[in-house]
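The oxalate binding site annotation in TrEMBL covers 109, 114, 119. Feature annotation from TrEMBL assigns Mn(2+) binding site to 112, 114, 119, 160. Taken from TrEMBL, the feature disulfide bond covers 33-48. Sequence annotations record features per position, and here TrEMBL assigns signal peptide to 1-23.
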């Protein structure tokens with residue numbers, strides 16, 4: 001008769017296998033797979049460059065993440081500098097990327113989600129109020145005021161935000177994400193600035209407001225997104 005310990009071991013192995021199967025990025029099957037960004041071949045990710053032609057520059061980007069970014073380029077007062085596989089081809093298949101985030105006084109990185117990545121977030125300067133919201137039906141808000149040196153995690157796919165509550169001082173953070181290409185969906189931009197626009201009848205019913213309010217919001221976000 002098969003022992004219960006065998007079944008426990010089998011269950012553990014199946015659990016591990018299923019976890020690997022649903023990981024954000026597939027595990028590499030070689031030392032590295034530098035992305036060939038110019039290849040016409042389309043795969044889930046990017047085709048590997050011939051490793052014989054790889055160089056140190058494929059794993060390097062003079063990103064100057066130590067330099068402040070301009071937070072005046074948008075109406076929310078934040079600037080995100082992402083280094084993903086598109087900027088650093090050596091990240092291909094490695095399942096990681098990094099971003100610098102700059103916040104003006106009262107600056108906001110508005111509610112958004114990364115469909116392919118968990119984010120671990122560290123404050124380098126200033127104070128930030130951050131949070132994420134769980135999925136339906138609970139939609140529970142987990143939020144925290146972070147100071148310099150504090151770390152917070154945003155689980156994969158969940159809507160999250162960061163806000164600088166200080167009206168006089170900027171803030172800076174660094175984030176690591178568990179995908180070479182985490183993606184980002186800014187909720188308001190996607191809902192009110194889609195191309196073509198979502199019907200105002202649909203949005204008015206979804207948000208339980210007048211269509212005129214939806215039309216005004218769509219006009220604002222369309223202008224910001226497409227001009």
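Keep in mind that glycine also has a Cβ here, set from the backbone N, Cα and C atoms.
The binding-site residues examined here are 112, 160; by Cβ neighbour count within 10 Å, the least packed of them is 112. A 10 Å radius around the C-alpha of residue 109 (oxalate binding site) takes in these recorded positions out of 33, 48, 160, in sequence order: 160. Sequence-distant contacts (6 or more apart, same chain, Cβ under 8 Å) of residue 33 (disulfide bond) comprise 46, 48, 49, 92, 93. Residues near residue 119 (oxalate binding site) in space but far in sequence (CB under 8 A, at least 6 apart, same chain), listed by position: 153, 154, 160, 175, 176, 177, 178, 182. Note: residue 114 (oxalate binding site) has non-local neighbours 154, 156, 157, 177, 179, 182, 183, 184, 185, i.e. same-chain residues 6+ apart with C-beta under 8 A of its own C-beta. Apart from the site residues 112, 114, 119, 160, the chain places the Cβ of 113, 117, 132, 154, 158, 159, 182, 184 no farther than 8 Å from the centroid of the site's Cβ atoms, the recorded Mn(2+) location. Surrounding the centroid of the Cβ atoms of 109, 114, 119, where the record places oxalate, the chain contributes additional residues within 8 Å, namely 99, 112, 113, 117, 121, 154, 160, 175, 177, 182, 184.
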